[in-house]
Amino acid sequence: MKICVLPGDGIGPEITAQAVRVLNSLDLKFEMEEALLGGGAVDATGNPYPEATQKLARAADAVLLGAVGGPKWDSLPREQRPERGLLGIRKDLNLFANLRPAILYPELANASTLKPEVVAGLDILIIRELTGDIYFGQPRGVREENGERVGFNTMVYSESEIRRIGHVAFQAAQKRDKRLCSVDKMNVLECTQLWRDVMIEISRDYPDVELSHMLVDNAAMQLVKAPKQFDVMVTGNMFGDILSDEASMLTGSIGMLPSASLDDKNKGLYEPSHGSAPDIAGKGVANPLATILSAAMMLRYTFGLEEQALRVENAVKKVLAQGYRTGDIYERGTNKVGTREMGDAVLAAL
């Protein structure tokens, strides 16, 4: 079981170190190797996704990533920016399915901006298609027309791309509460009418899963109004980008939220949903729990080790129940700890 570890920038090295400690404590035979991605890779090689990293990532079964980016590199040409490294590895490894859970732990109910009764017990999984849609469609650009500039992008999805993400979503729903909500904008976009048609066709293969449909504007509203109506949601790249960020804030701390990006054989890139937080880098105060929970997703989706994944997730729950908190989730009456102490607490709970 080969894991390519990419600590990345900012708080990335601090939080991945704790996830690696957790994985090593499970007595499984992991081979782990570190490489550069993002700003650190630009500084060392001039390339945000260097060749050595590409080789390592392709040879690994899974990739564990900290975070990339920071204001230090904002003035670089676009192709040299750290974020290009992340887009590059996703494309290189054909990672088309992004899974982002939004779970509200009972101990953190007060962290949400919504009333506790609206979010208590929240457990949503948002599945976003990662490689198609308006982000990658051609033609795109800005041109001169009738004496003014005109910007244009192309929203495009093929039937096979929709089928591929649809199967991932239905199979995920089968393992949960067997409810899938597909989000589109079929009333104005032909591209997403096709999306809905294909989802309905696929649903015949999964008679045990209840499929519903929702327009994206209503879905954005319902996520705030009554989020617990959702179990698994599936949508395209742009809508998924927006809705998964919205759902993450229902929980009150993005420092708690893991994510997985998978290919068609369940090889995956696992990373926290938060950024590189350069303002707190090196201070030992970052929350490592999203990265530790990302490692649990790796155990589940790439290695099929459900029991071990649950062990890690239950250890995180136990640590929260014991009152341990990093600064981002701290409230009066709890025990404020740093990055390594939080890692220690999870190891003790394991």
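All residue numbers here begin at 1 and follow the chain in the order shown.
Placed from the backbone N, Cα and C atoms, the Cβ positions cover glycine too.
The record from Swiss-Prot ties Arg90, Arg100, Asp217 to substrate, and of the options Arg78, Arg128, Arg196, Arg204 it ties Arg128 to that site too. Those same-chain residues not listed among Asp217, Asp241, Asp245 yet with C-beta within 8 angstroms of the centroid of the Mg(2+) site C-beta atoms are Val216, Ala220, Met238, Phe239, Gly240, Ile242, Leu243, Ser244, Glu246. Neighbour counts were taken at the CB atom with a 10 A radius for the binding-site residues Gly70, Pro82; the maximum falls on Pro82.
Looking at Arg90 (substrate binding site) and Pro82 (NAD(+) binding site), their Cα atoms lie 13 Å from each other.
Long-range C-beta contacts of Asp217 (substrate binding site), restricted to its own chain and to partners at least six residues apart, with a cutoff below 8 Å, comprise Lys185.
Its own atom aside, the Cβ of Arg90 (substrate binding site) has 18 Cβ atoms within 10 angstroms in the protein chains shown. Reduced to three states, the DSSP call for Arg128 (substrate binding site) is strand. Across the annotated binding residues for substrate (Arg90, Arg100, Arg128, Asp217), the two most widely spaced Cα atoms sit 28 Å apart.
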